[in-house]
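This structure is in structure tokens; I'll ask about it shortly.
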Amino acid sequence: MLGEVSKILAKSSMAIAFTGAGISAESGIPTFRGKDGLWRKYRAEELATPEAFKRDPKLVWEFYKWRIKKILEAKPNPAHIALAELEKMGIIKAVITQNVDDLHREAGSKNVIELHGNIFRVKCTSCSYREYLKESDRIGWLLSQELPRCPKCGSLLRPDVVWFGEALPEKELTTAFSLAKKADVVLVVGTSGVVYPAAYIPYIVKESGGIVVEINIEPSAITPIADFFLRGKAGEVLPKLVEEIRRISK
């Protein structure tokens, strides 16, 4: 099956990747779901909401600083690196991700569409101010005891991520859906396929005549529509795909 998928990817003209928390879990980042996930340690659905931030911004920022610290301790794994490699080879045209950890870019992927925002970006709760935290600023920023405030208007800054009950960023969602309509193959990597509207992406590819390839450690909500299901860790399966594509493309 791996050989067949490799041939399909090698011949494809418009392949995309759609990634979820599973790919980051292999880098040691706790997920919101699953037995080792954040759900057990914190009731994340109570913290990652606009209402929680209004009620107790300090608590929400403590939670996010803890998440940022976990992400800073993580490094891109072989799956992230393999996807960046597939982009360099001209096979993957974009990585659409539900993750907020920036690991795809760190691995070398250039065209990354972040549907749920970026944990290293902050935005003002009142005006249009946004800021991406440079690597050199991150540690000092984490150590600060003060609640971050907007340099333009003085209002509180919040993480530029999509919270429960919030709409996805329109520009990113439109771009993702447009790519899905044009894609001839989608690699669905490490996603449960239950968070909408992001989870529509494999369905759009399928409905537009494309091939759905799922890579996951266990079946998901996407599995029934997958043309190929490659069971295993993304960090093991994706590098093998890269290797096989290189071999058959010689």
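Glycine residues also receive a Cβ, built from the backbone N, Cα and C atoms like all the rest.
Reproduced below are the annotations present in Swiss-Prot:
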type	residues	note
DOMAIN	1-248	domain 'Deacetylase sirtuin-type'
BINDING	20-39, 98-101, 190-192, 216-218, ALA234	NAD(+) binding site
BINDING	TYR64, ARG67	substrate binding site
ACT_SITE	HIS116	active site, proton acceptor
BINDING	CYS124, CYS127, CYS150, CYS153	Zn(2+) binding site
Please list, in sequence order, every residue of the chain apart from CYS124, CYS127, CYS150, CYS153 whose Cβ lies within 8 Å of the Cβ centroid of the Zn(2+) site.
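Counting only non-site residues, the set is THR125, SER126, SER128, TYR129, PRO151, LYS152, GLY154, SER155, LEU157.
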Which of the binding-site residues GLY20, SER24, GLN98 has its Cα nearest to the Cα of CYS127 (Zn(2+) binding site)?
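Nearest listed residue in space: GLN98.
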Which recorded positions from the set ARG67, HIS116, CYS153 come within 10 angstroms of GLY28 (NAD(+) binding site), judged by C-alpha positions?
none
Rounded to a whole angstrom, what is the C-alpha distance between ILE217 (NAD(+) binding site) and HIS116 (active site, proton acceptor)?
23
Which of these binding-site residues has the least crowded Cβ, counting other Cβ atoms within 10 Å: CYS150, ILE217?
ILE217
By a simple count of other Cβ atoms within 10 Å, which of GLY20, GLY28, the binding-site residues in the record, is least packed?
GLY28
Any idea what the Cα distance is from CYS124 (Zn(2+) binding site) over to GLY190 (NAD(+) binding site), rounded to a whole Å?
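Per the Cα atoms, CYS124 (Zn(2+) binding site) and GLY190 (NAD(+) binding site) stand 31 Å apart.
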Consider the recorded positions GLY20, SER24, GLN98, HIS116, CYS153 and say which one has the Cα lying nearest the Cα of ARG67 (substrate binding site).
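Of all the candidates listed, SER24 is nearest in space.
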